[in-house]
Amino acid sequence: MEKKLQIAELSPYSLRSVRTVVSKGKARYRVGWIAIFLAMTFATFKYFPGMEVPRELWNVALFLFLLGPYALWKLRNGFRFTSLELYVIVILTTIPAISAFAAHQEFGQPILYGVLAKRNLVLCGGALALLYLLRRGKVGVGEIEKSLLLLVWATLLLYLSIDLIFDPADFADEYKSFANSESKWEKAAFKFAPEFIIFGFFYYGFLAFRERRNKYYLYAFVLLFYLLMTGQRTMLLSVILSFLILIYRFGSLPRLVVYVPALLMGFVACLSLYYIYDPDQFIFLLEKFQDAFTVLLTGEESNDVSANARISEFQLARPYAEKHWFLGNGDISNQWEGGYEGILGEYFHPSDIGWIGVVYLYGIVGFMLFVVQFLFAIRYARQIKHGKYGKLVDAIQGFLLYYFIISMVTGHFVHFPQVSLMFIALLCHIRYEPSECLRRMWMIS
């Protein structure tokens, strides 16, 4: 009898509260697995020891997803694609074919090696998977935003912990892509992927600019200080330039008069703290900037080995790029004839010479094909209604501008296109996100 009374006393609001708690629990669970999905698709930890097998398994999983659930979904809705989806499919199908054919023609590399050399392009399918999850109502934009912020602080904490606990020299011999040992040209350091931290800087930096709250200034300051500590000069310049360009675009002149001096003071404070924390590394960073500008402005070699290497790599790539300027020379597999060093006779990596390296690989055709992604980004960003997911959209715009700028000297938008395409896919969904009355029809289609 008492149990019946207790049940009867439960109001509809109480039952609604229970459902809300369960829903929040599921949402937290989704935020976690979305974060894993983003980290694996971005290949954030691909050079970490022990990640070789998980990385390849993730490639296979994405490939099977595209052939299975995604293809069936498109079959059910009559093969209706957005222009962005068609673009990603073109990238997935044409670039491996062009690269394999070009490398076979110029160097005699077997076609199969050429195709397998581009297997990481399947990560671009993550953009299609993201659109699938969003349109089917499996995840929401707000949950993705929370997952991105989770990754901002999780990667920052992880990287700092590794720096404090481990010595990079212990990994440098076996895992050269993960860490380097100390030499007279560079300090011993781990090589971490900073994409999520950079996104976080844009997120909190623009939020501080718009809302003028001290905690957001602090968050942006912490993230910028870490980026400064990495000593990656190209990345730092690209981040700062992108941030200043968009601050100018977002703000009025009176706001800029107040904000820019405060921003400069914050940057000077970062530099001062960095000098106090590690004066030798600070001076070393300044010397790296000086050497880079020497190479850039004069074309002469400096004391910086990496800057000098780019001159020799440019000279090596130039005749090949001029010879095959239309379709390029294709990518060489490390598993065939010793890779680039075995074929060309000296160290060469196309990503070291930015856009020139892109033309070397894929010619003007491939270069223009990859550049198109930024036209999608510009279109979606302009069409999104002001204030709709404003914080997230601001940060995405900042990151994509950064990615475009840094790609001039690194070719990131070609060598890691899944990173930019994932953010562009998110912009695409936000642009065309249906109203509540159409959401059910959208999820069914």
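In case you wondered, yes, glycine gets a Cβ from its N, Cα and C as well.
Annotations in TrEMBL come from automatic prediction, not curation.
From a predicted model like this one, the values you see are computed outputs, not experimental measurements.
Database features, via TrEMBL:
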DOMAIN    219-371  domain 'O-antigen ligase-related'
TRANSMEM  27-45  transmembrane segment
TRANSMEM  57-73  transmembrane segment
TRANSMEM  85-105  transmembrane segment
TRANSMEM  111-135  transmembrane segment
TRANSMEM  147-166  transmembrane segment
TRANSMEM  188-207  transmembrane segment
TRANSMEM  214-229  transmembrane segment
TRANSMEM  235-251  transmembrane segment
TRANSMEM  256-277  transmembrane segment
TRANSMEM  353-377  transmembrane segment
Would you say the transmembrane segment (353-377) and the transmembrane segment (57-73) are touching, if the rule is that at least three C-beta pairs must lie under 8 angstroms and be 6 or more residues apart? no
What residues in the same chain, six or more past the boundaries of the transmembrane segment (111-135), come closer than 8 Å to it by Cβ-Cβ distance? 37, 41, 43, 58-59, 62-63, 65-66, 69-70, 73, 82, 84-85, 88-89, 91-92, 95-97, 99-104, 141, 144, 330-336, 417-418, 421-422, 424-426, 428-429, 442-443, 445
For the domain 'O-antigen ligase-related' (219-371), what is the mean per-residue pLDDT, to the nearest integer? 80
Could you check whether the transmembrane segment (147-166) and the transmembrane segment (27-45) come into contact, where contact means at least 3 Cβ pairs under 8 Å with the two residues of each pair 6 or more apart in sequence? yes
Please work out whether the transmembrane segment (85-105) lies in contact with the transmembrane segment (256-277), by counting C-beta pairs under 8 angstroms that are 6 or more apart in sequence and asking whether there are at least 3. no
